[in-house]
């Protein structure tokens, strides 16, 4: 179906807003080829003419798809659809995790949540990712299963802006591996790796406008597993240290 045919009276769209970023609206009349604007009705009931000089506004997804746990299941996947779905899941379902295919999207709640205990680890251990709610443990479980089944090295890349929760997410992934994989040594490998954090953070972390304890360097953590899937060792490499933070402190 041509895109123009979708813009009929009653069609729901998103339009940019300086305060809310995106706000919902619906067409008050059919859009015809040659029109240079749309007549839209906002949620408040007010009508406005929306110029389409920069293109037609993004279409809204059906209500039945609101709160989907996988963004790829949405009929329309664009910026307002992603932001709205994450908004619904976070505020209405208290869900900080959402899949986007094989990618896990996480929202930092800036508070401790009771979703990382051993009972939660047990619930995800040995399960198929598709059968479980989005969680960092599901990503860790998939990597662990692929490693033990296919006998191939696996990588989990944790990326995001400052304050997104990358360091904490990596710690939860290591906790999962330490629990399901066990360890062949008296002291948990997770404990040993985490014990280095205060030292590394003392040198490589700094206060920013978004994070009071922001990592200003990259970390590559390698966890070694034995033939039985148990943890036998680990190593850590650091890189991209923001050296100016070591000798200079930005005034507040």
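The first residue you see is number 1, and the count goes up from there.
Note that Cβ sites are derived from N, Cα and C of the backbone, with glycine treated the same way.
As annotated by TrEMBL, domain 'Myosin N-terminal SH3-like' applies to 8-70.
Annotated domain 'Myosin motor' per TrEMBL: 66-252, in sequence order.
Annotation note: residue 161 (ATP binding site) sits in a coil segment as assigned by DSSP. Taking the Cβ of residue 161 (ATP binding site) as centre and 10 Å as the limit, one finds 10 other Cβ atoms among all the protein chains shown. Annotated ATP binding site per TrEMBL: 160, 161, 162, 163, 164, 165, 166, 167, in sequence order.
For the ATP site, the Cβ centre of 160, 161, 162, 163, 164, 165, 166, 167 serves as reference, and the other residues of the chain with Cβ at most 8 Å from it are 108, 211, 214.
Note on the domain 'Myosin N-terminal SH3-like' (8-70): DSSP counts are 3 helix, 26 strand, 34 coil. All protein chains considered, the CB of residue 163 (ATP binding site) has 15 other CB atoms within 10 Å. Each of the binding-site residues 162, 167 was scored by the number of other CB atoms within 10 A of its CB, and the lowest score belongs to 162.
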